[in-house]
Amino acid sequence: MSVTTNAVADAFAVFDVTPDPDELARKNKKPDDSGSVTVRQLYRYANWLDLILLAVGIFGSIGCGVLTPCQMLVMGDMVDTFNTNDLMKAFPNQEAMYDPKYYIPFNHEVTKTVADTINDLVLKMVCFAIGSGVGSFLMTFCFFVMSERQGIKIRMLYFRALLRQDAGWYDFHESGELTSRIASDVQQIQDGMSQKFGIIFQTTTSFIAGYAIGFAKDWDLTLVIMSMSPFIVLSMTLLAVFATKFTVLGEESLGNAGAIAEATIGNMRTVHSLGQEHEFCEMYNEKIRVVDRYNVLKGLTVGLGLGAVMFFIMGAFSLGSWYASVVLRGKGGKKNVTAGDVMIVFICVLIATQGLSIIAIPLNIFATAKASAYRIYQTIDRIPDIDCRSTAGECPTECNGNITLEDVQFRYPTRPTKQILGGLDLEIKKGQTVALVGASGCGKSTTIQLVQRNYDPVGGSVKLDGKDLRDLNIKWLRNQIGLVGQEPILFACTIRENIMLGARDGETPTEEEMIECAKMANAHEFISHLPEGYDTMVGEKGAALSGGQKQRIAIARALIRKPTILLLDEATSALDTQSEKIVQQALEKASQGRTTIVVAHRLTTVRNASRICVFHQGEIIEQGTHQELMDLKGTYYGLVKRQSMEEEVDQETVENDLKKIREQENKEAEEINQHKNTDTNEDPDIVQKLENEYNSEMKKLKHSNRFVLLRVILDNFRHEWFLSTFGFIGGIGGGAIFPFFTLKIVDLIMCLLSINSDTLTDDQKDTIKNICIIVVVIGVASFLSFFMYIGLFLSAGFKMIGRVRKDMYHSIMHQNISWFDRKENMVGSLTTRLASDPTTLQGISGERVGNVIHIISTIGFALGIAFYYDWKVSLAVMAVSPVLIVVVFINGKLNSLEACPAQAAYEKSGITLVEAVESVRTVQSLTREEHFYEVFKDALREPKIGIYKWAPLLSIFMCLTTLLTQVMNPYGFYIGTYLIKKKSNYDLPVPDFMIEFSDRFEEMQKAIMAVIFAAQAVGNLGNIVPDIGKAVRAAKNTYDVIDRKPTIDCYSEEGETFNDVKGEIEFKDICFRYPTRPDNSVLKGISFKVEQGKTVALVGASGCGKSTSVQLIERFYDPTHGDVLLDGHNIKDLNIHFLRSQIGMVGQEPVLFAESVMDNIRRGVPKGVEVSNEQIYAAAKMANAHDFISAMPEGYNTMVGDRGAQISGGQKQRIAIARALIRNPKVLLLDEATSALDSESEKIVQDALDKAAKGRTTIVIAHRLSTIQNADQICVIMRGRIAERGTHQELLDLKGFYYTLAMQQFGTVD
């Protein structure tokens, strides 16, 4: 089956030529500012195959819409067949009707003639039903295939457009908002293009055909009925305008909520450490409340609009009932109009107007799709000023690497009043290494970005080999550059793939070349010791690796490109001392023959630069070689002195010591491989236990959601009981309207059939009058019921979706960190599910519940009426119903099954989307936009193949649903006529026989009409079932998250708390494995104790377990063996919020949120604690951040941008330190807290941290040994074990591993 499906998919792919979006942007008229696109613009990406599918689908929809009222033509003929007035004209006189020799043959002949005529008409109706079934098949198949193809195509174009946008554009847009749109907006576009668009054509055509037939049969009667049309059109127009307005406003706020979700879910360690889960949930909830407010307004608008429409429709019928009697009395020479004609007019117009009630949902969905397309197409249409996809620009045959910055002036687009570079002049000749040093925020990294052409200068020019960068092809330019940034970005793939991503376009390095680059970056050794080697998955954002390991892989990725220009922005800041020395030598070697620009705070790494430029407030104030600047004794000299640099290292001695250390590590690694865990107290079955825990949890969740459909409905009623109760009443009442309305139509028809003169009898007048009054009452009831079951249920459904979205986000926010480490819970997957799954729940909530109640009520009342008037006919017709119900059920099941692989694929593509957009600058610097586009495209292959697998099945069962629904009508007439013929008393005189015949016809007609409405209701249920199937699947996914109880619950109120926390930390025989990597033991029996107020430093090579130890203290994870104690209390027994409120943490990669500087610092305040602005200023001063914050145009109210993109790395780090200090913690965890700071800031901040550490228990992870010399104890960790411990001097005297590290950093050691 899969082979055949793939073949069909590939065959269709031949025709899958997507129009170029740039060409379309030039040809198409841009969407206006109405917030919505036109229908033509909506289908702008349809190629000729899609247009054929659209045309055929519309043809099928029109066929369905036309054939349904056409069946009523046949029904009119059936009515006229029973016209007793015409039948009685066969008798010459009144006496003959009572003569047995006349009336007995006549009675037999009449029933035979009627039966034969009915049978012929039944055959015609069956043909119409078959035609409708074929039309339904074409509509379902074509719209399903076309909408899925368009959805996939728009997803790909939107993703490609996001990768294309320049850095300036991203400064104004949060990545979370952008990525959430692909899950919500694109899905809504796809829904609007699906079968629901076909239903609009079907109901519209049915409306037109119904009125057309009405005009053809009796134009003035139809015109009278249409007299209310202006009011109907006005109601529908106002409905559409306001519904679209509220949709646009709601979607904007939903995008803002998505941005919050992505920013927090992507940085859960920071959120948990700050204890800000509740605060972010409140922020998210506030955005969702705005969405709910607009959605409720939309729901009430739709309910009022449709209620008004139904009221005017019923008013039109009341007026028409009166005028029909006038027509049949022969007024105006219209005697040729029959009762059958009147019935045709009424039923056709009834079908036409009933379509208006059905069209509301698809119209609302279509309006939403157009509003969503407006936002998506705006992004797709945008051609950035710096276009990485542009083929324009010169591509020189060779690049020498001469870089010139001439009078460069620059301001960031988001801060146009803040001058970053003011007239910068800098010349770098081929092969030179130029170092940029200076305080954080002085313009060093900005210069790097200008050389990459992430931005263009606002004044002056940047040139390469004498050519302005703006005149060069952007892709060619970036292919000449290798970049290693301050915060290393890795992608969620293998180490091999991450390194290979650095290769130039069109080049595929060999395995040997890749390994050589890894060796140059000092990465090969640690990679080789990983269980999977180069095939090890690095996790989301490289979470499976330490900071230093990530940095080394990033360096290897840059080296494999063999760039002409090498840009190193703090390239070794995250490395341990041993790695830094080796990697620095590798970088210096790699720089030979290349133009290299180095941004560094560690001045030891730039001493050998050809030239060193000292930046200050966007200008170069000193430049020269190291020795020249030292002789100058200016700013650079002061920076060097602050770092306490001494004489050069004895290289030979260091290399010998490093060789010994490597031999020791390799020997230890061999012992570990031979005796895994035999020397620890860790449970030998721990690996199997970790796997069993995961499998057990998944099984438990699956079992708990078995009755998810009932749960959603009950949840809706429980929380929105007022709206749901009145909506339920409205649905029940609305279900009674059309069945009782059909009784009045039959009464009207029978009354009209009895008119045989120009004068109405008193009974006929009373009947007409009563019918008119009752229809008006039905109109009022329709207004109330439609408002209640559509408006109130729609509002309740929107509120439920908002509540589920909030509950889902709330649950995500309190999951333990190990849950986020799983592949299926990566940021892209979770944000995709958060955006799409609650929206899909509309299929089993809101107006869908109202529709189901309305349909069930209609079926119930209709069947009750049918059985009351003719149980035999009803029972015979109902024999078809079980088959119809089975078909409807299978149809829903198929839709649910079809949604599973598609949803999984969209989640997979969402992972690629989020990581590429979040790291778009890295993607663009690597010129790997097409690579990620292909990965994204490949992830969408499954739903693309699934289109051709599921479309035929779904279409067949939809065809059967339509066919069976419409066959019930002629089948009922056939059975009814048969029973009339069989039960007729032929011995009665003609008048009595005709009365009995007429009575039986009336009863049969009422029963059949009621059953027809019941069947149509089941058919309408068939249109809803596909959404129900998809919604059930989404509900299971949603409640999987909501129901999950984390092992470490940050919301839990359980656990001990105690006063007078001292801050004493103790590790007792700690063993640890990450749950997602149970085969890899990270910590192997570590024990140490940190007394109150003491400082313990953890040092060692990257990946040895230092940061893991800090995460255990924060209780991000629990150890697999041993205990972590706080003041003698096992932290597992402590309240988790209480524990974390005692800890202040500054991580290696600072995480800021898209809010003001003051709000970011305030994030450090524990829950329930109030701080003044003065306290915030004091914390900022301690972190040496107050001065640069105050210098910003808006001071502490300055927005830092998405993930702090608007400020430098050093500025981010200082704000993060201020955020930790304002907590006034008992325990201070500093994981490379000063790694991103310049020398001047580092000295001041280190003094501040030393001061802050007094009286506090402090655990420091640092590669710069100068920052930990005064620690009370230093623990040297090697491969998960403490190899050495002692004070700085004790470890130097030991002359072991620490001694070697010290020699590397300080040269000679006293």
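Even glycines carry a Cβ here, placed using N, Cα and C.
Listed by sequence, the residues of this chain that lie at least six past the ends of the transmembrane segment (48-68) yet keep a Cβ under 8 A from its Cβ atoms are 12, 15-16, 128-129, 131-132, 134-143, 145-146, 149-150, 198-209, 351, 355, 962, 966. Look at Swiss-Prot and you will find 48-68 (among others) tagged as transmembrane segment.
Taken from Swiss-Prot, the feature domain 'ABC transmembrane type-1 1' applies to 55-368.
Marked as transmembrane segment by Swiss-Prot on the basis of sequence analysis: 125-145 (among others).
Long-range contacts of the transmembrane segment (196-216) within the same chain, counting only residues at least 6 positions beyond its ends with a Cβ under 8 Å from a Cβ of the stretch, are 57-58, 60-62, 64-66, 68-70, 72-73, 139-140, 142-143, 147, 222-223, 225-226, 344-345, 348-353, 355-356, 358-359, 361-363, 365-366, 1023. Summarising the annotation, Swiss-Prot assigns transmembrane segment to 196-216 (among others).
Counting same-chain residues at least six beyond the ends of the transmembrane segment (223-243), those with a Cβ under 8 angstroms from any Cβ of the stretch are 211, 214-215, 297-298, 301-302, 304-306, 308-309, 312-313, 315-317, 319-320, 323, 345, 349, 356, 360, 363-364, 367. If you look up Swiss-Prot, you'll see 223-243 (among others) marked as transmembrane segment.
Remote same-chain residues near the transmembrane segment (299-319) are listed as 224-229, 231-232, 235-236, 238-239, 242-243, 246, 346, 349-350, 353, 356-357, 360, 364, 741, 771-773, 775-776, 778-780, 782-788, 790-798, 846-847 (criterion: CB distance under 8 Å, separation of at least six residues from the stretch ends). Summarising the annotation, Swiss-Prot assigns transmembrane segment to 299-319 (among others) and lists sequence analysis as the type of evidence.
Summarising the annotation, Swiss-Prot assigns N-linked glycosylation site to Asn336 (among others).
Summarising the annotation, Swiss-Prot assigns transmembrane segment to 342-362 (among others) and lists sequence analysis as the type of evidence.
Look at Swiss-Prot and you will find Asn402 (among others) tagged as N-linked glycosylation site, backed by sequence analysis. Secondary structure at Asn402 (N-linked glycosylation site), as computed by DSSP, is coil.
Annotated domain 'ABC transporter 1' per Swiss-Prot: 403-642, in sequence order, evidence recorded as sequence analysis.
Look at Swiss-Prot and you will find 438-445, 1100-1107 tagged as ATP binding site. In this structure, Ser440 (ATP binding site) belongs to neither helix nor strand by DSSP; it is coil.
Residues or ranges marked as N-linked glycosylation site by Swiss-Prot: Asn608 (among others). In this structure, Asn608 (N-linked glycosylation site) belongs to neither helix nor strand by DSSP; it is coil. Taking Cβ-Cβ distances under 8 Å and a sequence separation of 6 or more, the neighbours of Asn608 (N-linked glycosylation site) in its chain are Thr433, Glu588, His626.
What Swiss-Prot records for 721-741 (among others) is transmembrane segment, and it gives sequence analysis as the kind of evidence.
Per Swiss-Prot, domain 'ABC transmembrane type-1 2' is recorded for 722-1030, and the stated evidence type is sequence analysis.
For the transmembrane segment (773-793), the list of distant contacts is 299-304, 306-315, 317-318, 321, 357, 360, 723-724, 726-731, 733-734, 737, 740-741, 744, 846-847, 849-851, 853-854: same-chain residues at least six beyond its ends, Cβ to Cβ under 8 Å. According to Swiss-Prot, the feature transmembrane segment maps to 773-793 (among others), an assignment based on sequence analysis.
Swiss-Prot lists Asn816 (among others) with the feature N-linked glycosylation site, giving sequence analysis as the kind of evidence. Other Cβ atoms within 10 Å of the Cβ of Asn816 (N-linked glycosylation site), summed over all protein chains shown, number 21.
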Contacting positions for the transmembrane segment (721-741) when only residues 6+ beyond its ends and CB under 8 Å are counted: 314, 317, 350, 354, 775, 778, 781-782, 784-790, 792-793, 795-796, 799, 849-851, 853-862, 865, 1010, 1013-1014
Reduced to three states, what secondary structure does DSSP give Lys1106 (ATP binding site)? helix
Contact between the transmembrane segment (125-145) and the transmembrane segment (871-891) (3 or more Cβ pairs under 8 Å, separation 6+): no
Whole-number mean of pLDDT values that fall within the domain 'ABC transporter 1' (403-642): 85
Can you give me the Cα-Cα distance between Asn402 (N-linked glycosylation site) and Gly1100 (ATP binding site) in Å, rounded to a whole number? 40
Measure from the Cα of Asn816 (N-linked glycosylation site) to the Cα of every one of the binding-site residues Gly438, Ser440, Cys442, Gly1100, Cys1104, then give the nearest. Cys1104
How many other Cβ atoms are found within 10 Å of the Cβ atom of Lys444 (ATP binding site), counting all protein chains shown? 27
